[in-house]
Amino acid sequence: MEVRRPSNDGAYGSDLTLFRIVRGLLCLLALLLTAFMMLVYFGFMGAVIIRFFSIYYSRKVTSFFFGAWLALWPFLFEKINKTKVIFSGETLPAKERVLLIANHRTEVDWMYLWDLALRKGRVGYIKYVLKSSLMKLPVFGWSFQILEFIPVVRKWEVDESVMRQMLSTFKDPSDPLWLALFPEGTDFTEQKCIRSQKYAAENGLPVLNHVLIPKTKGFFASLEGLRGSIDAGCYTFLEIVAYTVYCYVYDVTIAYKHRCPTFMDNVFGVAPAEVHIHIRCISIDNIPSSEDEVNTWLINTFHLKDQLLSDFRSQGKFPNQGTEQDLSTAKCLVNFGAVILLTSICTYCTFFSSIWFKIYVSLVCAYLASATYFNIRPVPIVDLVKALFKCKSS
């Protein structure tokens, strides 16, 4: 959903100048280099070596370093490109476990969720259900593997086992988690909307104009998988205070002014002028437990989302704006400086120090490429020993 209103020069975004091109390419190069060095030196240590001893501390270390890297993207969007990110709806508590559902307007919706997660201290813990083809991206695909994103091919008979296996590893209530899901399964286009409307009319479902009919199986599996750990005190969203558990789902609606951005629009800073993010907190008590009822609940939720986007189109804003503060420029600069310093040290060691650093980097790259391709993650040694004793006893 976008609101098109001409800017002062009559365009629907900023002009693509030579300065913007050079600045964008330099930023993209810096993001690639920092991602590579974070992966090789800190991602491998945190997500592989430490994981042999503790999944909990493995995720802590990985989220710390990659949270610093992911925070560079909101810095690019909001401070360098001057994109206004406006939050509305309900004010969210910080630092919780949450299942997040959002509409999928364009290919970069998921990147703006980092702006929200950063404000809540959870940018290093956000995990996405995303197309498996994105795992093939150089460097970035390795990062998605390290961060434990869930790859899907959008065929449930193939995706079910992968999703359930990954979800089973997220049940520990001591592990912070933001699991983000786009139930539409693909980004919104006019052609896809027409097909979705035809399907809705033929099946007695609401005919939606600004979102697609959501696919329900992935959402139900996520809800069931996380809620299935109730005996361990883990829900879709939880906060344990004096043995009290509070459970919520975040319903996020994203809209753009003045046009929907592509990835390169983000890099060059030509669009969008504004990103509007509306959030509802939904208690787990208000979400049914049977699959049929969950399916109906999700479709009704997207019907409400469609109405919200229709109002945005006419009014140019969501209700109850201003629920989140702007990012601190000072904190962004400190984080940027720290990441660049670490990257510079690692780059020097890789190219100008001992040959053993080059051998190490080569071996880690080979491991990350194969681990991403085959979706391999280390199992803690303690779990391996328990499994061996269990096999012997049986």
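Every residue, even glycine, has its Cβ placed from backbone N, Cα and C.
Feature annotation from TrEMBL assigns transmembrane segment to 21-50, 56-77, 333-353, 359-376. Under the heading domain 'Phospholipid/glycerol acyltransferase', TrEMBL lists 98-220.
The residues of the domain 'Phospholipid/glycerol acyltransferase' (98-220), classed with DSSP into helix (H, G, I), strand (E, B) and coil, number 55 helix, 18 strand, 50 coil.
Within the same chain, residues 27, 30-31, 34-35, 38, 42-43, 45-47, 50, 83, 85, 111-112, 114-115, 118, 123-126, 143, 146-148, 172, 174-176, 266-267, 275, 327, 332, 335-336, 338-339 sit at least 6 positions outside the transmembrane segment (56-77) and bring their C-beta atoms closer than 8 Å to a C-beta of that stretch.
Looking at the domain 'Phospholipid/glycerol acyltransferase' (98-220) alone, the prediction's average pLDDT is 92.
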